[in-house]
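Under the heading region 'Disordered', TrEMBL lists 23-80. Marked as compositional bias 'Low complexity' by TrEMBL: 47-69. Taken from TrEMBL, the feature Ca(2+) binding site covers Asp140, Trp141, Glu143, Asn145, Glu154. The transmembrane segment annotation in TrEMBL covers 185-205, 238-258, 270-289, 295-316, 337-358. The feature Zn(2+) binding site is assigned by TrEMBL to His202, His338, His342.
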Amino acid sequence: MRIIGHREPAARGVCVRDRWAREHRPGGRRTALPRAAGAEGNPAPSGWAGPRPARWAGPPRRALPLTAAAPPPGGRAGGACAERASRARAGLGACRAERSGRRSAWAAAAAAEAAEAAACAMAPAADREGYWGPTTSTLDWCEENYAVTWYIAEFWNTVSNLIMIIPPIFGAIQSVRDGLEKRYIASYLALTVVGMGSWCFHMTLKYEMQLLDELPMIYSCCIFVYCMFECFKMKNSVNYHLLFILVLFSLIVTTVYLKVKEPIFHQVMYGMLVFTLVLRSIYIVTWVYPWLRGLGYTSLGIFLLGFLLWNIDNIFCDSLRNFRKKMPPIIGVATQFHAWWHILTGLGSYLHILFSLYTRTLYLRYRPKVKFLFGIWPVILFEPLRKH
């Protein structure tokens, strides 16, 4: 509120005395204010009970305390004047109190804003919000949120999923060209769906995208289990009993997980499927095709290394974040162990598909060979058995 017409107390005191003089001038002539008694040539008026200074020193420089002395002559008019002066003083005090309160409120708001700005500047990057808004997922990993770009919540955890998206697409295309069974095409595409779901989850940290990441992990592992247990059957055969069990298992896991929303439940179910795959792989490389130990154990070792880094990222998250603050960014990127989990498990899952496909084509009397594209990426090239 803007205060208009503000005066200092001394100026108001003089104004009050002038107004009192105007109200009490007889016959339109202005009468002088009563002078201080006791000075030479200044006799005290009758009934004046105020203080007696030594001499008259001219007009007062500050307001006289009207309530401390007897009211000036004039009775009702003097009392009204004193009452108005009291109200004016009270109004001025209220205005001062209000202005002081507003200044205090402004100062408090400024201090709070400064504290909030300082807190935002000093807060860890994990507390930032970006394009996708607040986090709604039940999991938030160790990578600092929106630290690289405003559009991706966990940048390195997102882009590391490319290894689960691009190579399996080419694997599915090659399987179609080679006329392989649909189960292996489904295995490649399932791994691609997992990578795409994980990309969406880590990019947004939304609960719906989390389900798009975690549930396909269960479905893809069920496809892998089916392929591993059907390696030694006739071509294009279908095991309806195993298929029914795996579909039922997927439905139960999906229903319970949507109900309880407990990540540990999902991790335990996923671990059970992975453990089943490990046992079946060990059986094959031990009792059926021992010369496939290299491919089988490489797939298993890479996957387990990714699982180890995943646990380190979860257990020592605070220490890793503090370490990244002190190190150059390029070293900090190397400590994004959840991104390494994506890379290693994506590569391990891809190699597992190759291992399953190699086992199957050996049984069908194909002649598979593992080749490396550009000397880096493994693929299986084979040709059917020659007819004589």
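Glycine too: its Cβ is placed from the backbone N, Cα and C atoms.
Nobody curates TrEMBL annotations by hand; they come from automatic prediction.
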Mind checking which residues reach the transmembrane segment (270-289)? Cβ under 8 Å, same chain, six or more beyond either end.
214, 217-218, 221-222, 224-225, 228-229, 231-232, 296-297, 299-300, 303, 352, 355, 359, 362
From binding-site residues Asp140, Trp141, Glu143, Asn145, Glu154, the one whose Cα lies nearest His202 (Zn(2+) binding site)
Glu154
Expressed in Å to no decimal places, the gap between the Cα atoms of Trp141 (Ca(2+) binding site) and His338 (Zn(2+) binding site) is 8
For the Zn(2+) site (His202, His338, His342), what does the 8 A shell look like? I mean other same-chain residues with CB within 8 A of the CB centroid.
Trp141, Glu143, Glu154, Trp156, Asn157, Thr158, Ser160, Asn161, Ser198, Gln336, Ala339, Trp341
Comparing the binding-site residues His202, His338, which residue's C-beta has the most other C-beta atoms within 10 angstroms in this structure?
His202
Pull out the binding-site residues from the set Asp140, Glu143, Asn145 whose C-alpha sits within 10 Å of the C-alpha of His338 (Zn(2+) binding site).
Glu143
Asp140 (Ca(2+) binding site) to His342 (Zn(2+) binding site) - Cα separation in whole Å
15
